[in-house]
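A short write-up of the structure that comes next.
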Amino acid sequence: MTAILERRESESLWGRFCNWITSTENRLYIGWFGVLMIPTLLTATSVFIIAFIAAPPVDIDGIREPVSGSLLYGNNIISGAIIPTSAAIGLHFYPIWEAASVDEWLYNGGPYELIVLHFLLGVACYMGREWELSFRLGMRPWIAVAYSAPVAAATAVFLIYPIGQGSFSDGMPLGISGTFNFMIVFQAEHNILMHPFHMLGVAGVFGGSLFSAMHGSLVTSSLIRETTENESANEGYRFGQEEETYNIVAAHGYFGRLIFQYASFNNSRSLHFFLAAWPVVGIWFTALGISTMAFNLNGFNFNQSVVDSQGRVINTWADIINRANLGMEVMHERNAHNFPLDLAAIEAPSTNG
């Protein structure tokens, strides 16, 4: 009888836990995805802060030339970064217990792999948590779909690209200058500026910014006056009010006359779908572009594509970009190899008389 009572109490405790985890009445919704999200993001954040402050230099290129990234080793907020895991480790799973010592783990950049893998798992769970909360509230799932764009972008630069290149040392460093270095080297090796998917991503980000500014300014300019001239127009809105807060007909008429009639949305729902979809699709394409260039399906190459009637090359902007790429590649990992890969790929002339 005692055993039965204990089992019922155990089930009751588990049931209360399940109800608490999935309750939409909590100040912050946890959810089943949150059970995994909270420890992974806390781990990634904690290790990032500690490593950014105090991690010793990392042998990123695997040539016994450690690179310093932490504040205590001479960096500032701009130059500091979590240095990627060493090329000597490659794509191997490298937890602390796989190293002979903590010093070896730090020297080979173990914190980078720990942070990145926990971070990617955490943000994926955050996306799942968005869907879970939407489902429990009876909402549509598009918030999680929109968030999938930055999740895809982060996964591309932190996981897919290192897999394609064969080493976590090619992943994006976790810092400001490290991000810029990653971008410059990516351009040098993959000509990303000439990749159509990157162009779509640029159109998505800048177009999304433009459309957001246009929408916000149109709404703000066509608010329905509910206050006196001595009060802020914002005071005329009450949270949860049923009445429209701005005149969409006036905004539609203004924009239709500013450009042309059919450039303006007359349906608020389709307008807001467009505002969400444009940047999301653009960032999806960018993530897809990074993922294809990870396996060296690079941007367009129009080098020396214009010649005169005598066969002499007429330089274009493509040739200018190509020369810049070679210059950046020469400066990249200059102690790891003597020549950039593009130049070293040419077969050496024969020396046999």
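The backbone N, Cα and C atoms fix where each Cβ goes, glycine too.
Within the listed segments 197-218, 241-262, Swiss-Prot records transmembrane segment for the stretch 197-218. Among the residue ranges 29-46, 47-64, the one that Swiss-Prot annotates as transmembrane segment is 29-46. Beyond its flanks by at least six residues, the transmembrane segment (29-46) meets 20-23, 114-116, 118-119, 121-123, 125-126, 128-129, 131-133, 136 of its own chain at Cβ-Cβ distances under 8 Å. Spatially close to Tyr126 (pheophytin a binding site) yet at least six residues away along the chain are Phe33, Met37, Leu41, Tyr147, judged by Cβ distances under 8 angstroms. Looking at His198 (chlorophyll a PD1 binding site) and His215 (Fe cation binding site), their Cα atoms lie 25 Å from each other. Counting other Cβ atoms within 10 Å of each Cβ, the binding-site residues His198, His215, His272 show the lowest value at His272. The list of residues near the transmembrane segment (197-218) in space but at least 6 beyond its ends in sequence, with Cβ under 8 angstroms from a Cβ of it, reads 251, 254-255, 271, 274-275, 278-283, 285-286, 288-289, 292, 299.
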